Amino acid sequence: MLIDKFERKIDYIRVSVTSRCNFRCLYCMPNTPFEWEPHENILRYEEMFEFLRLAIDEGINKIRLTGGEPLLRKDLDVFVKMLHDYRPDLDLALTTNGYYLKEYAKKLKDAGLKRVNMSLDSLKPEVAAKIAQKDVLNRVIQGLDEALKVGLKVKLNTVVMQGINDTEILDLLEFAKNKGVTIRFIEFMENERAYPGVKRVDSKVILDKIAKKYKFKELPKDNSASRYFETEDGYVFGIIEPHNEDFCKSCNRIRLTAEGYLIPCLFFTESYNIKEALREGNIQKASEILREVVANKPEKNDWQDEEVSTRAFWETGG
């Protein structure tokens, strides 16, 4: 079992299988030229699996595959099956922008994937295109429908931004409610790689907008990053607010980047390279690094301090 120095049980790892993405979302991707990491620099599936097998044996029971856009990496369903076959009761999830989900949903479900989180930042084609910097909405909704059709559990994520999509909060909630899926509204997380001028909408403003139409109550907090609320007619939606001082209290996760770095906290610059140990087949060293990462997991993010990570979310797995 993995326990950090603040007595938090670490049982969840987010694994970025690629830093590449086919979107250029305003709140995530850099607004200056950059180069993708060469393929030879990223971990092979076999290397990821060797580490994750170790992590599972140490107490990890939830794995979320992220990116970048994870569906850009070939044979993701094969990797999912490797993990599922090793531990069939593993909570295997995927975070995706949904663009390729229509093509891959059934393969992933058949391989053992259980859940999908999808980005849906607008229901207006022109606004969705402005945010992602390409025409995406139709394909994203097709991906959502296919995921539901094959039996995947789905949540929608919406990053709310001032003057861009903050007038759509109720429309997005209604859309998710009609689809029978949970939607989570996310406060924009300031980072140096986002486009200038993108501003967050405070969670209180989001809740006030919803309260104009719905009465709701807050549900008891679990160890997720979200606060959840239930409307009088039984619909559940969520809020993710990294600016809240309680955001980190029950954090149970660490992150592995595609390039082979273990990260104890999304908002810190510290990272631990396990690629060399994995390529040498040194599982003992990889185990030691895993325990070091857990031991050095901070109590909370330094959101208001200068130490906040400048690492891009698309590099880290968000």
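Along the chain as shown, the residues are counted starting at 1.
The backbone N, Cα and C atoms fix where each Cβ goes, glycine too.
Residues annotated as GTP binding site in Swiss-Prot, with sequence analysis given as evidence: Arg14, Arg64, Thr95, Lys155, Arg253, Ile254, Arg255. Of all Cβ atoms in the protein chains displayed, 25 besides its own lie within 10 Å of the Cβ of Ile254 (GTP binding site).
Among the features that Swiss-Prot reports, [4Fe-4S] cluster 1 binding site is placed at Cys21, Cys25, Cys28. According to its DSSP assignment, Cys25 ([4Fe-4S] cluster 1 binding site) is coil.
Tyr27 (S-adenosyl-L-methionine binding site) is surrounded by 21 other CB atoms, counting those within 10 A of its CB over all protein chains shown. Annotation comment: Swiss-Prot describes Tyr27, Gly68, Ser119, Met189 as S-adenosyl-L-methionine binding site, evidence class sequence analysis.
Annotation source Swiss-Prot lists [4Fe-4S] cluster 2 binding site at Cys248, Cys251, Cys265, citing sequence analysis. Applying an 8 A CB threshold to same-chain residues 6+ apart, the list for Cys251 ([4Fe-4S] cluster 2 binding site) reads Arg8, Asn223, Ala225, Cys265, Lys297.
The feature domain 'Radical SAM core' is assigned by Swiss-Prot to 5-217, with sequence analysis given as support.
For Cys265 ([4Fe-4S] cluster 2 binding site), the number of other Cβ atoms no farther than 10 Å from its own Cβ, over all displayed protein chains, is 23. Fewest Cβ neighbours within 10 Å among the binding-site residues Arg14, Arg64, Lys155, Arg253: this applies to Lys155. Straight-line distance linking the Cα atoms of Arg253 (GTP binding site) and Tyr27 (S-adenosyl-L-methionine binding site), rounded to a whole number, equals 22 Å. For the binding-site residues Cys21, Cys25, Cys28, Met189, Cys248, the greatest number of Cβ atoms within 10 Å around a candidate Cβ is found at Cys28. The GTP site in the record is lined by Arg14, Arg64, Thr95, Lys155, Arg253, Ile254, Arg255, and its two most distant CA atoms lie 21 Å apart. Taking only the Cα positions, the spacing between Thr95 (GTP binding site) and Ser119 (S-adenosyl-L-methionine binding site) is 8 angstrom.
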